[in-house]
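Here's the structure, in structure tokens; my notes come after.
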Amino acid sequence: MQGPNFGALGATFTVVRAMQIVCLISIIGMTANFVSEMVAAEQKPPQVIIGTLSVTCIATLYIAITYILYFDNILPFLIATGMDSLLLIAVIVVAVVVGKPLSYLDCKTLDDTNGSTASFIASVGLNVKKVNYWVWAGASKTTCYEMKAIWGLSIALCVLFSFSAITSACLWKREKVANVSKDVDTESQNSG
């Protein structure tokens, strides 16, 4: 199976899409685990985690579809540029909302054994609006590092979606110039 031949831009698009899917699947796994543990503890998952899970699931579906269309050489690059830009905005919101309380939390100072994911996430929901962000009840190092990993991967997705939007725009421009050149060649052959 031979994919489209877009040179370095095409290779860049492929690599960025692969990196995006790795980040998204990692975030989906961690947030789904948090939701599962909270449901098992009969607690309501906070909107931050539900929103993160929703955005990443939609983005994963979008990336799978657009890469299939790209591989078949039928991806409308201008639409992909717009959608990548919209997803960039969504992951920026996720990174800011998840990261605001976590940026003040020092995971190294938390206990290794005490606490559960459910109590940590519940504490996130309760403390998001408080000024004193390091007053977290029942947190463990592992849960803290998992939440910080979600935050870090969200930041990485911001960079990757901006990069893929720029790459899609460049591919659209390249395709547009190639189509204009074909039209000029066809007109010159018909007139000659």
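Please read every residue number as a count from 1 along the shown chain.
Glycine is treated like the rest: Cβ placed from N, Cα and C.
The transmembrane segment annotation in TrEMBL covers 7-28, 48-70, 77-98, 149-172.
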**Q.** Top partner of the transmembrane segment (149-172) among 7-28, 48-70, 77-98 - counted as Cβ pairs under 8 Å
**A.** 77-98
Q) What residues in the same chain, six or more past the boundaries of the transmembrane segment (77-98), come closer than 8 Å to it by Cβ-Cβ distance? A) 48, 51-52, 55-56, 58-59, 62, 66, 70, 147, 150-151, 154-155, 157-158, 161-162, 164-165, 168-169, 171-172, 175
